Amino acid sequence: MRVPINTITPDTPSAEVIGWAHEIRDLGGLAFLLIRDRTGIIQVTVPKKKVAPEIAETIRAISRESVVRVTGTVKPEGKAPGGRELIPDAIEIVSLSATPLPLDVAEKVPAELDTRLDNRFLDARRPRVSAIFKIRNAVQHATRNFFFENGFIEINTSKIVAAATEGGTELFPIAYFEKEAFLNQSPQLYKQMMMAAGFEKVYEIGPIFRAEEHNTTKHLNEATSIDIEVSFTDHLGVMQTLEDLIRDIYQFVDKTCSDAIADLGLDDFAVPEKGFPRLPYSEAIEIASATCEEDIAYGDDIGTAAERAIGEEMGRLYFIVDWPSSIRPYYAMPYENDPEICKAFDMMHPRMELSSGAQRVHQHDLLVEQIAKKGLNPENFEFYLNPFRFGMPPHAGWGLGAERLVTTMLGLPNVREAVLFPRDRHRVVP
């Protein structure tokens, strides 16, 4: 019976493994075959004069990345991966790989990112790449555990909508019978509707779509968003929830993904310290204007260069708070004593924005006023506004980019590396 490679120790008497031929070295009278499965690598040592002739013939026929089955005796070997080797009694080629390979899974020959993404099924066999997705799996597992333990209800909202939920134009139109429809850019309005339904604490992990013509290392046109909405709290409450979640995720990854962390060479992986600094927008602009190459003034959005300048100053995860109402969405709650400022925030990594959120406007008339101030027609938002007429509780929430979280956590150079099959303005296959 086949066993995972990582369960085989130097003391294991015998084993059957099935995996991919990672490397093959034939030294004449002695051959070495490295077999890889998702749990690790084991060395198969073939002394040709001491094994059956058919085993030596099979070894010669194996091409790299073929799927092979090996049954044999395990022996301690200090120079081999894991301190053990497998001496074969039988070798079978289960599935022969074509040659040449589009890319080198053993990573001895570097490949461009486009080549890797074009051949993602091969690229994902590389231990460093599979480590990324093992950690991403742990991130999403930890996220669901955190929300379940804190009394949240998971929801799944529609990704086909009739209008722009955020009021913008960055939408992908789709053919939907005789109607006009779009791919949803955010579950924002649906989350708020569930506050009117009395769910009080909801979350969703799902795709969002943005028709933005970016071509950068941090933007995608299809991304995974982790969203929450909470009743009877304010922006400060959900900011604390966000900080607690981030630290919980890091702790879970640190505890459960040591092998993947090692595969990525992350010797400095560490859980962020408590108490993410809270930097007012006005102070963030002062930092950026003093050090940024681009001109920036109060009332401007914070672009890439400004993010970089502020991030270098802060040096850790932090919040930018108290944004001008003029540059935040219509549903962000303004301060009662200063309506020009709203209860909105971004959570930032020194490299990029990770999350955006706010306390929401819950009063129907104020929300209509806010929508109109943004130059939008409230009549186009009737399906959204209607719940606010029937007892909407105070509430707040945020959205967190899963890919950006993984990218910054692991120090990846490009957000596409954190997605199995990324979608950007140039890529729709595979």
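Positions of Cβ are set from backbone N, Cα and C atoms, glycine also.
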Of Glu178, Glu353, Glu369, residue recorded by Swiss-Prot at the ATP site of Arg210, Ala211, Glu212, Lys218, His219, Leu220, Gly401, Ala402, Glu403, Arg404: Glu353
Region 'Aspartate' range according to Swiss-Prot, out of 144-147, 188-191, 200-203, 304-307: 188-191
Subset of recorded positions (Pro81, Arg210, Arg360) lying within 10 A of Glu353 (ATP binding site), CA to CA, in sequence order: none
Sparsest-packed of the listed binding-site residues (His219, Arg360) - C-beta count within 10 angstroms: His219
Distance [Cα-Cα, Å, rounded] between Glu212 (ATP binding site) and Arg360 (L-aspartate binding site): 25
Cα-to-Cα gap, Pro81 (site 'Important for tRNA non-discrimination') vs Arg404 (ATP binding site), nearest whole Å: 33
